[in-house]
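Inspection log for the structure reproduced underneath, given as structure tokens.
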Amino acid sequence: MINRDNKKAITKKGMISNRLNKFSIRKYTVGTASILVGTTLIFGLGNQEAKAAENTSTENAKQDDATTSDNKEVVSETENNSTTENNSTNPIKKETNTDSQPEAKKESTSSSTQKQQNNVTATTETKPQNIEKENVKPSTDKTATEDTSVILEEKKAPNNTNNDVTTKPSTSEPSTSEIQTKPTTPQESTNIENSQPQPTPSKVDNQVTDATNPKEPVNVSKEELKNNPEKLKELVRNDSNTDHSTKPVATAPTSVAPKRVNAKMRFAVAQPAAVASNNVNDLIKVTKQTIKVGDGKDNVAAAHDGKDIEYDTEFTIDNKVKKGDTMTINYDKNVIPSDLTDKNDPIDITDPSGEVIAKGTFDKATKQITYTFTDYVDKYEDIKSRLTLYSYIDKKTVPNETSLNLTFATAGKETSQNVTVDYQDPMVHGDSNIQSIFTKLDEDKQTIEQQIYVNPLKKSATNTKVDIAGSQVDDYGNIKLGNGSTIIDQNTEIKVYKVNSDQQLPQSNRIYDFSQYEDVTSQFDNKKSFSNNVATLDFGDINSAYIIKVVSKYTPTSDGELDIAQGTSMRTTDKYGYYNYAGYSNFIVTSNDTGGGDGTVKPEEKLYKIGDYVWEDVDKDGVQGTDSKEKPMANVLVTLTYPDGTTKSVRTDANGHYEFGGLKDGETYTVKFETPTGYLPTKVNGTTDGEKDSNGSSVTVKINGKDDMSLDTGFYKEPKYNLGDYVWEDTNKDGIQDANEPGIKDVKVTLKDSTGKVIGTTTTDASGKYKFTDLDNGNYTVEFETPAGYTPTVKNTTADDKDSNGLTTTGVIKDADNMTLDSGFYKTPKYSLGDYVWYDSNKDGKQDSTEKGIKDVTVTLQNEKGEVIGTTKTDENGKYRFDNLDSGKYKVIFEKPAGLTQTVTNTTEDDKDADGGEVDVTITDHDDFTLDNGYFEEDTSDSDSDSDSDSDSDSDSDSDSDSDSDSDSDSDSDSDSDSDSDSDSDSDSDSDSDSDSDSDSDSDSDSDSDSDSDSDSDSDSDSDSDSDSDSDSDSDSDSDSDSDSDSDSDSDSDSDSDSDSDSDSDSDSDSDSDSDSDSDSDSDSDSDSDSDSDAGKHTPVKPMSTTKDHHNKAKALPETGSENNGSNNATLFGGLFAALGSLLLFGRRKKQNK
């Protein structure tokens, strides 16, 4: 149904909410009998869920002051804002929101709220009381002033004890209870344009009539509204501007408006956007989120009273979003959108004209809505949206009273609110205590489930009976016929479960798993009776709690409304035999009350459009069509701002056209044109012809009963300018461009904007020219990069177009090119440095004419950064040089030659002194050949000289003499053998070590001489003489063995060292002399003589061996004495010489063998 009064449009009246119908539960509903065309708005306490209101009444047939402490004070609530007679003959009428003209007798419009009430009475009275009319205030006052959505409010009935309780016998006549009603916020209606159509009756039973002219009906049937959505939209638009404070509201047929139970949703859309693919939560910007419980005063969620949790969120949709993309809305895990049904389909997001922006689906497991964007986001930009969601405490996750922190989220951005969950208490009167709620509505099967707690306080109750009535019950437990009913008969499903003494019932009054309780249904087969739409169960005397689950049928009204009510009561007897009653009534109503009088549809409100054209104004005159080159401009963003501040944007088409429709008469709108890049707005109001001029970048227009297609604007291309000029070689270095000075090519030039951002880079051409093009007015910075081998010349020496502006300069463009930004460079001269390294023999640090250069000294050149840029060596004259150097700072490093010492530095003029091992030098436009250094030899030496001389002389002299003489003589024989062996060995080892060292530091000289002489002389002489002679024989044997060994070892080691630092000289000399002398002499003489012989022997042996330095030998002096040997027997001499020869030969062989 259409309830334009409750829609929030994107106008000054607020934002349109695409509402779903709701169910609500309450005890009483009152209203006028005026029937208006349209769909009954089904109110409720949850999104898509009928929520039962529990109104409990108790009565006692007997006065008993002693039981007053068990009684509870009852305050009944009503939801009407109009005053009507409350009696059973006045059925609840459909709320019909029509646009009708007021009549003289017209009652003010009221909108009945639907909520589940727990209005309970527990009284017994001695006399009946008159039924008072409900005090109802019109609910349209708020609607007229604020044009807000109707919000469902529910209030839990207080469970206070009623101290004014009287009793009467159970046989007395019941009295009527006094009912006080309380206004509540009206319920919002559903935007029919985004609803799914419902089946319609076969006949047209609703017409829209004009209250001021009832004879002229407007022939708008439900079928027409269903089949002609445009007609319905027109009704909506027509209705949206109606003053509902004085006029009835037009509604659409039920067949077009889907019923939603407890579906308190409001959607409001401000601006369209663009889409991507898949989830685009990151492209959704949440601007505001709030959570409110009920009226927001105490944050107490009275769950049995249907107090809702309202979640409001506002967000914008990025222009990158595309059709098919999705976003998410998350409910808290402890709430549920629908309290009675499984229909959780979320409402579509629409714009003020009813066009769908996104469609939603609900995931019950995750309690998340996923919205999928339509092509709306491809057509529009800068979309802003608002969403209001109503939910209710999920009794499955929150079975008992508690405190919660509820968290909701839009596109993953969360907000939280602390709430207290409050459940109803049982109604108690004497031993009677009972409570009930509706728990499930099945619209397809047309059934309603009710759960009843019997004796939840586990009192000892006597003669207990429980009635289940297909209608409400009054304060005395009597059946009260009237609006709303169910069917209670033998086909009604009634289950009874016993609660064990150790089991606690959840305070939520809702059981999800009955298997935990004892099923005692069969025990009531003979204790259950049906009569007049009432079932009675006889419990007898009990002290346990029981649960009754009732599933009853209901009959929908002809227009599909849910007019459902069902009551239950418990009665017990006290010790006096009087009955105590306690009762609850649960019901669902499906109407909004309005004031009396017939109404007709107000004439359709006409909607208008604005727009037109964006063009390129080539001649900048602000008038269309004055230049043949003018053309339309496509893709220009145009934004419409509604009176309430919301916006909607489109882009011009290929013909430069744009248009906004669905605008209301008398309202003021603003149209803004975004200036395209590279363009400027043209002249405004260049002519008096409003359809040919330009209205500028922003224009405000008021709709005056007609379309306005004259809102045009023009743009012209922003002029572009050039900047640049010249880079030249300033050969004379005067900073002025001369005619004969050439340009420098390939010089890099960088252009920056006023923020320092680089916007261009180029290089000069062959003639030194450069240029930056397509520049806007503004300040720019130009930077020239110094070419290799050049130096910047002086700057700003003359006129701006002929001088050099330096390496960095600022250029200003103001409606003209700027070609004056030049820079000059001259070739950077190259320089040399170096000089001389010499041997400073006199150590005075000055170069003398007699002192010579040192060759091959390594010289290293470093730049200012310490980087090695050159290495060379001095030539044969000690000269070195580095060339091709720029002006700058350098360091020269001399590598000290081995064995030399650094001479003193800086002793005289710079070109003749020594500058040291490291010299810092600065070249400024000239060579520098003053960088010298000198070295000398130091006197002291650090020398280690080791001379090791080893002389070994081994002499072996062996003399073996064997003399055998055999003489046989009859004579007398005298034989004399004399052998003399003399071995003389002289070994002389001479070692000479000479070390000459000159050093600046220590000198260590070590000389080690080892001389070893080994002489072995062996002389063996064997002489055997056997003489037998008769005669006299004289035998003389002379043996001389001379062994002369001369060993001369001469070692000379000379070490001469001169070093600046540490010198080590080691001389090792080894001389080995081995001399072996062996003399073997064998003499055999055999003599036989008969004569007398006289033999005399004299053998002198004087060998001498002398070894002298340098091998000087002395001759042996001659032996003095007689040498007359003439008388020696010749034979003896022969034998002696033979023996000597043998000895010498034997000795030579022996020596050779060694």
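Our numbering is plain: 1 for the first residue shown, then up by one each step along the chain.
Glycine is treated like the rest: Cβ placed from N, Cα and C.
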Swiss-Prot annotation (motif 'YSIRK-G/S signaling motif') - matching range among 23-34, 371-382, 719-730 = 23-34
From 672-676, 767-771, 1117-1121, the residue range that Swiss-Prot assigns the feature motif 'LPXTG sorting signal' = 1117-1121
Ask   = Per DSSP, what is the residue tally for the domain 'CNA-B 3' (830-940) in helix, strand and coil?
value = 0 helix, 51 strand, 60 coil
Query = In the predicted model, what is the mean pLDDT computed over the domain 'CNA-B 3' (830-940)?
reply = 91
